[in-house]
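Step one of this worksheet: look at the structure below.
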């Protein structure tokens, strides 16, 4: 018998972690609200069929008020599951029970899973799951039982065959009950109530109030509160969220992350780059002996190997950075960053929750655009999508980390990276503020967001996520960097003759007057142009262009000798913001259903990068005295 099972619950309740445990999947897990923004489906083979699990976005209700709720409701309409697994957090039981009660009114085959029992116990909360099971009339499992995969699958099959009939019903006011009786809707009670709530604001408030009261009563009946002592999470937050010390601590934390990334990975990057340089020299010696024509030898050694080798030279830095970033994200600190930046966002007429998609955009701008779905207002989502293009994605960060470490020592490199990130944050906030001139802003409500307790890393998930992002980077090298390296090699070698007559030199020299305004030579301008397809290709292009002289030195040494620090900083600043990659642009079009937003993003990024690039170069030249 084939079964379909939906995992439903509030944000950050642990659905994706359970999904991975049950299916062996690799759904990204994060200790902050809004991690899952799409529906992921995987199947588990059983002796008598398969069980398909659907990891749904976290929602607080089924009313259809947010994009996630609309997506979940559409899933239930188009692909109704056989069983609904309602997952609740023991630390926020009342919030979870609100969704449970709403779901029990709509679905017959339900079961409840209580997660985070240890965190609740640390907070002085003991939950009687058997009492809750008796009151609800459905099976209630706790975390220990969640880890027993055979038991959980057995209960799922049992629920599908013999649904439990809930013995609990919410007591609604007479006006609501009368409206239900008078409705002509051909739906079950839960769907009728939701339709009434959407059509009448007074009924909506009465329905929501009745459900909250019922959830509060249920929670009170199965919770025993102990004398609570301050947890280690509370003690950390005393300093991490301190009004005056919170931001300096955040800067020190990220500064330390960049410092050890620069300091520990510099030798490894030099080693990897050296391997590819030696391999290119070896190809120049061996391939002619095997009868390869000179043009093919040059293509392989000076094109593909130098381009890919230059890009893979910063692989150690990217892996280490991914690991540390995932560690901070999984600990729950990212949610604190949103609160710490709320003051900055408020000054620009925004709230801190917009910062979450921007932080996610630091892994990939596409992910940041998708994460904007956690924002309830169209205005906020559009703002987040436009601003996310200024978030330095992992590809840009990887290139920036490599170049910064090439031009500066560890201490200066850390300060430069922090300065660039600070500029990025201020620029994102400024862009969001400017958008208000073109879009009618919605009223900004109070910034409310659940702050999850800190948790120790789950090393399997941490290493798995780091490996996933590393493999994604390597796949992009295979698909994009190799092709771009061949293109750069061709443009830099044809037509035959002096290098200044090649296609790439002609393009670069034609744009050199524009680059001169920012102190950038034509090679750097060409690298920026090629980076439009994918940001990683910029470093590969630099590797080919600056190794055109057949220098035996590594790329870092060649760049350091060819580019002064002021021009290097300007290039890093322009590279960080000058335009989104092609994939990001298409995702903007898909999420907003408008090319206008994508075009505004491209033009805005180019204008800001030109203005800031000119300002940075001339200010740097003035103060440095070049």
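Each position is counted from 1, following the chain as shown.
The backbone N, Cα and C atoms fix where each Cβ goes, glycine too.
What TrEMBL annotates here:
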| type | residues | note |
| --- | --- | --- |
| BINDING | 9, 10, 11, 12, 13, 14, 15, 16, 55, 56, 57, 58 | GTP binding site |
| BINDING | 20, 21, 23, 24 | Mg(2+) binding site |
| DOMAIN | 2-166 | domain 'FeoB-type G' |
| TRANSMEM | 239-261 | transmembrane segment |
| TRANSMEM | 313-334 | transmembrane segment |
| TRANSMEM | 354-376 | transmembrane segment |
| TRANSMEM | 383-408 | transmembrane segment |
| TRANSMEM | 414-439 | transmembrane segment |
| TRANSMEM | 527-548 | transmembrane segment |
| TRANSMEM | 568-588 | transmembrane segment |
| TRANSMEM | 595-617 | transmembrane segment |
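DSSP gives residue 21 (Mg(2+) binding site) a helix state.
Ranked by Cβ pairs under 8 Å to the transmembrane segment (313-334), the stretches 239-261, 414-439, 527-548, 595-617 are led by 239-261. Annotation: 20 carries the greatest number of neighbouring Cβ atoms among the binding-site residues 20, 21, 23 [cut-off 10 Å, Cβ to Cβ]. Candidate binding-site residues: 9, 13, 55, 57. Nearest to residue 24 (Mg(2+) binding site) by Cα distance: 55. Ranked by CA distance from residue 57 (GTP binding site), the binding-site residues 20, 21, 23 have 20 at the top as the closest. Here the domain 'FeoB-type G' (2-166) has a mean pLDDT of 82 out of 100.
It is 14 Å from the Cα atom of residue 13 (GTP binding site) to that of residue 20 (Mg(2+) binding site). Taking the Cα atom of each, residue 21 (Mg(2+) binding site) and residue 15 (GTP binding site) are about 10 angstrom apart. According to its DSSP assignment, residue 11 (GTP binding site) is coil. A Cα-Cα distance of 11 Å separates residue 55 (GTP binding site) from residue 23 (Mg(2+) binding site).
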